[in-house]
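Visitor: The Mg(2+) 1 binding site feature in TrEMBL is assigned to E91, D110, L112. As annotated by TrEMBL, Mg(2+) 2 binding site applies to D110, D113, E272. What TrEMBL records for D113, G114, S115, S116, N200 is substrate binding site. The domain 'Fructose-1-6-bisphosphatase class I N-terminal' annotation in TrEMBL covers 56-185. Here TrEMBL flags 190-322 as domain 'Fructose-1-6-bisphosphatase class 1 C-terminal'.
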Amino acid sequence: MTIGIGLEAYLDAWAGTDSGRTAVASALLALAEAGLELAEIVGGGDLVTNQAAIVGDNAGGDAQKALDVRSHEVVVAALKRTSAVAMVASEEADDTETLNEGGLVVVATDPLDGSSNIDTNISIGTIFSILPMTETGNPFLVPGRNQLAGGYVVYGPHLDLAFTLGEGTHVFTYDRGAGAFRMVAENVTIAPTTREYAINASNYRHWSEGIRAWVDDCLAGADGPLGTDYNMRWVGSLVADTSRILSRGGVFLYPGDSRKGYAKGRLRILYEANPIAMMIEQAGGTASNGRQPILDIEVTELHQRTGLVFGAAEEVARIERYEANPAGSGSSPLFGNRGLFRT
Ligand SMILES: O=P(O)(O)OC[C@H]1O[C@](O)(COP(=O)(O)O)[C@@H](O)[C@@H]1O
Ligand SMILES: [Mg+2]
Ligand SMILES: [Mg+2]
C-alpha cells in the first residue's frame, strides 16, 4: 500500500532509471505544478480576473472565456519548462505547438474543462493525455490505446490530481499543510453495475432511439423493465462527473445527437474522451462511443468529437445493446417487462 505517499516520491519510484518513464513523470509533475497555479487563480474567482468573460472562440467553435485562455497559457508554460515535452495540443489552440526539440513525449490538454461552470462556483478542471513523440507523422493522430498516461486535476472543494500510467488509476489530493500532493486512493475500481447515471436530459428529443429507450427504462425505475430505481446526477463539468464515478460508480453519457454539429456529440476525443477512457478502463470500467471502445477509435483531427459513454462496465454494455437494437430493448411493447435486457 502506498496511500499517503507524495507525488514526487511515487513518480520517482515508478520511473526508476527508464528514460521514457522519466519523461512521462516530468510531464506529469509539470501538469501538477500548472494545476496548483490554476487552483490559486480559480480559488480567487473574480478577485483575480473576470474569469467568465467571453474573449473569443476556440477551434471547436466554443466561446472562449478569460479563464480558458489563462489556463491554456499556464499549462503550456509549465510544459515548456520541462525538456521532456516535445509538443502540446490544446482545446484552446487551432494547431499544435512545438515546445522542446528532443522531448520524448507530447501532451494533449483541455486546460479548463467545464467552462460553463466558471462563474457558478462549481468544480472545474484540467484534463491531459500524454503520448509518445514519434519520429514521423503527427504524434497526436493515433488511437487512444497509444497513450502513456491520462489524467485530470479537479478544482473542487479539494484539489485532486487523478491519473493512470497504464497500471491502475490513482488519486492524489493536495495536502495544503504539507504543500504536496499525497495519494488518497490507489487502484480505484468502478463496480460493474450501477443505479446512477449522468446525462444532459434537456437533449432528449435530439437523441437516438436507443438512448431515449434506455433513459425511458431508467426513468421507469422499479416499475419498468430494468426492475430498479435509478438516481441521476449531472454536474456539467466532465472532470467532476468523472471524479464522482471514480469515487462511487455510475455511468456518464454524452452521446451524439441530431443537433447541427452534434452528430458526434460534444466532447473531443484527443484531450477529453481518450484520457478519461484510459483512466476508466484502468479502474475496471469501460468507455465507448456507443458502438466501439473509445481507445480504439482512429483520431484523424486534433479537435475531433466523439459520442462518449463510460463507467460501470455492465451498464455501458447494456447502453451499447440499446443503441444497436432499440426495438429489442426493455421499453419495447414487444418485450415489455420480459425485455431481452432485463437484469
Ligand atoms: O453544456 P452541456 O452541453 O451539457 O455540456 C457539458 C459538457 O461540456 C463540457 O463543459 C465541455 O468541456 P469544455 O468546458 O472544456 O468545453 C464538459 O465538461 C461537460 O461535460
Ligand atoms: Mg472540456
Ligand atoms: Mg475546456
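Cβ atoms here come from the backbone N, Cα and C positions, even for glycine.
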Visitor: In the structure shown, with every protein chain counted, which of the binding-site residues S115, S116, N200 has the densest set of Cβ atoms within 10 angstroms of its Cβ?
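Guide: Compared across S115, S116, N200, the most Cβ atoms within 10 Å surround S115.
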Visitor: What does DSSP give as the helix, strand and coil breakdown of the domain 'Fructose-1-6-bisphosphatase class I N-terminal' (56-185)?
Guide: 24 helix, 57 strand, 49 coil
Visitor: For N200 (substrate binding site), just give me the three-state DSSP call.
Guide: coil
Visitor: Under 6 Å from ligand 2 by C-beta, which of these binding-site residues make it: L112, S115, S116, N200? Sequence order, please.
Guide: none
Visitor: Running a distance check here. Ligand 3 versus the binding-site residues E91, G114, N200, E272: which have CB less than 6 Å from one of its atoms?
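Guide: Among the binding-site residues listed, those whose Cβ sits under 6 Å from ligand 3 are E91.
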Visitor: Rounded to the nearest angstrom, how far is the Cα of N200 (substrate binding site) from the Cα of D110 (Mg(2+) 1 binding site)?
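Guide: Given the Cα positions, D110 (Mg(2+) 1 binding site) is 20 Å from N200 (substrate binding site).
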Visitor: Check the domain 'Fructose-1-6-bisphosphatase class 1 C-terminal' (190-322) for me and report the mean pLDDT.
Guide: 98
Visitor: Could you tell me how many residues in the domain 'Fructose-1-6-bisphosphatase class 1 C-terminal' (190-322) are helical, how many are strand and how many are coil under DSSP?
Guide: 59 helix, 19 strand, 55 coil
Visitor: For the recorded substrate site, enumerate neighbouring residues of the same chain (Cβ within 8 Å of the Cβ centroid of D113, G114, S115, S116, N200, site residues themselves excluded), in sequence order.
Guide: N117, I124, G236, S237, L238
Visitor: For the recorded Mg(2+) 2 site, whose residues are D110, D113, E272, find every other residue on that chain with a C-beta no more than 8 angstroms from the centre of their C-beta atoms, and list them by sequence position.
Guide: E91, T109, L112, G125, T126, I127, Y152, L238, V239, L267, R268, Y271
Visitor: If you count the other Cβ atoms within 10 Å of each Cβ, which of the binding-site residues E91, D110, L112, G114, E272 comes out on top?
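Guide: Per the Cβ count, the most surrounded site is L112.
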Visitor: List the other residues in this chain whose Cβ sits within 8 Å of the Cβ centroid of the Mg(2+) 1 site residues E91, D110, L112, in sequence order.
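Guide: Apart from the listed residues, the neighbours are D68, S71, H72, S90, E92, T109, P111, D113, S115, T126, I127, Y271, E272.
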Visitor: Long-range same-chain neighbours of D113 (Mg(2+) 2 binding site), Cβ under 8 Å, sequence gap at least 6?
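Guide: When sequence neighbours closer than 6 are ignored, D113 (Mg(2+) 2 binding site) has I124, G125, T126, I127, Y152, S237, L238, V239, E272 within Cβ distance under 8 Å.
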